[in-house]
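Per Swiss-Prot, the feature ATP binding site maps to G15, A16, S17, A18, S19, G20, K21, S22.
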Amino acid sequence: MTDQSHQCVIIGIAGASASGKSLIASTLYRELREQVGDEHIGVIPEDCYYKDQSHLSMEERVKTNYDHPSAMDHSLLLEHLQALKRGSAIDLPVYSYVEHTRMKETVTVEPKKVIILEGILLLTDARLRDELNFSIFVDTPLDICLMRRIKRDVNERGRSMDSVMAQYQKTVRPMFLQFIEPSKQYADIIVPRGGKNRIAIDILKAKISQFFE
């Protein structure tokens, strides 16, 4: 954990795919933004830092194990977190779930008082853990995560149910057990039942609000 005197406070939210990380992050962002203003709080998804695969064919891209730490460009993410803490803006990559690679365009992200960083593999990398002021692990049963993932990937990402199930059995579940679940030990706060745990969200809001004082 980093010293809280840093200009930009980084809060990490990790957990299984479809565990409710994004819902918690978006709820915290929306409700805190109403209190402090958009210029003081932001959200960065770890998914933006999937490695560029534009040099690979589509057939090769779909074979990538997206639940393994090697799929992430954590070195670039680390550089960006450190830049934000120095007060510098970053060019956030844009990742396409349809094309399975980064887009050419980027999004400028200005430093904020608080940045909420959310993703499945955040706590697996000691370098990233060292940049977090505190971390959260969203602990949701895998069967619930699977049902949510099927609904999300079919409806929002253009996937077939068969491909989602095959990926879950081949990589998602094994990688969760090998990398993601063990990283729970590094979390400062564990949130059960995902993004609908209102008590947990209120506790997190109170904690984060301290950084705006």
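Each Cβ is built from the backbone N, Cα and C atoms, and glycine gets one as well.
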G15 (ATP binding site) - helix vs strand vs coil (DSSP): strand
Which of G15, G20, the listed binding-site residues, has fewest other Cβ atoms within 10 Å: G20
Lowest local Cβ density among S17, S19, which the record lists as binding-site residues, within 10 Å: S17
Neighbour tally for K21 (ATP binding site), based on other Cβ positions within 10 Å of its Cβ: 28
Intrachain C-beta neighbours of A18 (ATP binding site), sequence separation six or more, cut-off 8 angstroms: T140, C145, L146, R148, R149, R152
Under 8 Å by Cβ from S22 (ATP binding site), counting only residues of that chain that are 6 or more apart: P45, E118, G195
Neighbourhood of A16 (ATP binding site), C-beta criterion under 8 angstroms, separation at least six: I120, V138, T140, L142, C145, F176, I180, E181
Listed in sequence order, residues not in G15, A16, S17, A18, S19, G20, K21, S22 with Cβ within 8 Å of the centre of the ATP site Cβ atoms: I120, V138, T140, C145, R148, G194
